[in-house]
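Student: The feature transmembrane segment is assigned by TrEMBL to A:32-49, A:56-73, A:79-101, A:108-126, A:163-179, A:213-234, A:246-278, A:290-307.
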Amino acid sequence: MPRASAWTLGWLALAVALVLLPQALSFSQQEILVFLTINVLLVSSYRLLTLTGEWSLGHAVIMGVGAYASALVTKWTGLFVPLSMLVGALTAAAVAWVLSFPLFRMKGFYFLIGSFAAGEIIRLLWKRFQDPFGGAKGLKRIEPMPNLDLGFHHFDFFLPTNYYYFALVAVGICLWLMWRVERSPMGLAFHAVHWQDKLAQASGINVRGYRMLAFVLASGFAGLSGALLAHYIGTINPGSFGVEQMVFILTWAIVGGTSTFYGPILGVVVLTILNEIVLRGMGFEQARPLIYGFILILSVLFLPKGLESLVQGAMARWRVAAPRPAPVEREKQA
Amino acid sequence: MSAPLISVDELTMRFGGLTAVDHLSFDVSEGTIHGLIGPNGAGKTTTFNMISGFYRPTGGRITFAGEPISGLPMHEVARRGLVRTFQHSTLFNELSVIDNVLVGTHMLFPPRLVAAILGRDGASRRAARERAEEALSFFGLHHLADELAGELPHGHQRALGMAIATAARPRAVLLDEPFTGMNGEETRRMMELMRKLKASGVTILIVEHDMQAIMGLCDSITVMSFGRLLAEGTPAEIRRNPKVIEAYLGGTPHAA
Ligand SMILES: Nc1ncnc2c1ncn2[C@@H]1O[C@H](COP(=O)(O)OP(=O)(O)O)[C@@H](O)[C@H]1O
Ligand SMILES: [Mg+2]
């Protein structure tokens, strides 16, 4: 079979599987599937940020900025929820842009601490200002996604299955956008900034500009994931986007690995399944942050390149077992 | 004589109490290979870093093609057509050889976000690739395009560094100790590449502490010692200059 059609077939099979998936799950599992879909976007956006080599500890808060912004915009203006989610994403990107001026004066460890501090300041503002953020109790009765009648199907987005489909489309589009960016010359510049920022700069690349750009783009996608969450669960508060949530993001990313596009997705999927089947089944749910921390340490010690390295290894073996002619004949020079 | 391409005027750099470069002035003419030499610790790398925009000078001026560039960040200096390499084999080791050079074409074909997402930048991507392949061929690396840069032998890594630097067709390149760690054969080949680069119209400024290595290569030479200008002239003049002989043989513990 030609390669191209094999790929098409693979993607088609995946799409069908994702559409049918809720049918195989219980109601509470369907709810978890919605969160998982949103978290796939969240952790993928985090990877986009790390492409330039800087790891932020403010990503969960940036997600929250999108959630708060979208919730407040619908409350104030009654804007159509999917559009307000876009406003949420843009707000998160804008806040990230402003923050990037002080933050990208720092690098490495200092950037890490700076991003954490910036996030905590935002969380303090949410807590401090009853109006409009609702203080420590946060926002309640957030406008839900309005029902939608498409003729062939009436979507009541209160049901997790329907919201899952909506989130799936939104997240699918976002992943496609991130993929396109990474595979473009811009993505190459991100990698260049990561691996050798001095050489990148000597090649005319505005290193700080690209770091800011990755941060702003990633924050926009994180903001959208926050908005998707807010309009589903209907209530958010400063605690929803705290250190615990940041630990989850880091654990998904590190356990999955960040050198491939699919690594973090693998991480969040595997850990969510583990969490739901193993932890919840055994009644350890309360200890989730603790166990996540433990998994994080284990994976750093025993699988430092993440779950993705297992996939890469398997694919390499498969290629050796079934060799294909090289797609491009290498030109040999004398 | 025409106006110099690179002009360094009263350039000074102080690190705390230490004056690494002290009111240094010299010119580099377009189309030449110019050597900046001197014993270890003379201030060559510091000068190099100031010209390339890596350090901001404490005092003095640098002009490139008549335009002041002192104090500009490195990527702005590069965009004006003055590109540097690094003292050790600094490459994107994790990327393929061709991707390394594609990074070098960044200035010629700056990426545009929306066009890239929509796939509207095909022409620019193709042109960048062509230019990158051309640069690889120029340095005899075309057959290694898909290898990982970090896995190349040393000599090829140095050539790749030059391919990255010249991919965007700069008017001048700055090379910091390009022969360090090379064997005789690699050195000979690297010199050939530099002559070829000069013939293609690129001005070259080489910083080197081993005087013999570049005598046969340079059109003109500036000698530094203890941060100051010691002598200037053609290789033949420099070779005979008693002050230079003294600096290299007597004055410092690092005689070449
Ligand atoms: N970043 C720095 N901080 C402090 N002193 C430095 C720094 N860089 C160089 N120097 C000092 O400046 C002098 C010139 O160094 P350098 O420019 O590296 O000389 P060269 O390249 O000619 O060997 C030396 O005495 C060196 O120790
Ligand atoms: Mg030096």
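Glycine too: its Cβ is placed from the backbone N, Cα and C atoms.
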Student: Going along the chain, which residues at least six beyond the ends of the transmembrane segment (A:163-179) come within the CB cut-off of under 8 Å?
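Tutor: Here the qualifying positions are 18-19, 22, 30, 33-34, 37-38, 40-41, 44-45, 48, 82, 85, 145, 155, 157, 217, 221, 224-225, 228, 232, 261.
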Student: If we call contact 3 or more Cβ pairs under 8 Å (sequence gap 6 or more), are the transmembrane segment (A:246-278) and the transmembrane segment (A:56-73) touching?
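Tutor: Contact between the transmembrane segment (A:246-278) and the transmembrane segment (A:56-73): present.
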Student: Cβ pairs under 8 Å with the transmembrane segment (A:79-101): which stretch of A:108-126, A:213-234, A:290-307 has the most?
Tutor: A:213-234
Student: If we skip the immediate neighbours and take only residues 6+ beyond the ends of the transmembrane segment (A:56-73), which ones have a Cβ under 8 Å from one of its Cβ atoms?
Tutor: 42, 45-46, 49, 79, 81, 84-85, 87-89, 91-92, 95-96, 99, 111-113, 115-116, 118-120, 122-123, 126, 132-133, 139, 142-143, 215, 218-219, 222-227, 229-231, 236, 238, 240-243, 245-246, 249
Student: Counting only residues 6 or more past its boundaries, what in the same chain has a CB within less than 8 Å of a CB in the transmembrane segment (A:213-234)?
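Tutor: Hits for the transmembrane segment (A:213-234): 34-35, 38-39, 41-42, 44-46, 48-49, 51-52, 54, 56, 59, 62-71, 74, 81, 84-86, 88-93, 95-97, 100, 103-104, 139-145, 157, 163, 167, 170-171, 174, 177-178, 181, 186, 190, 240-241.
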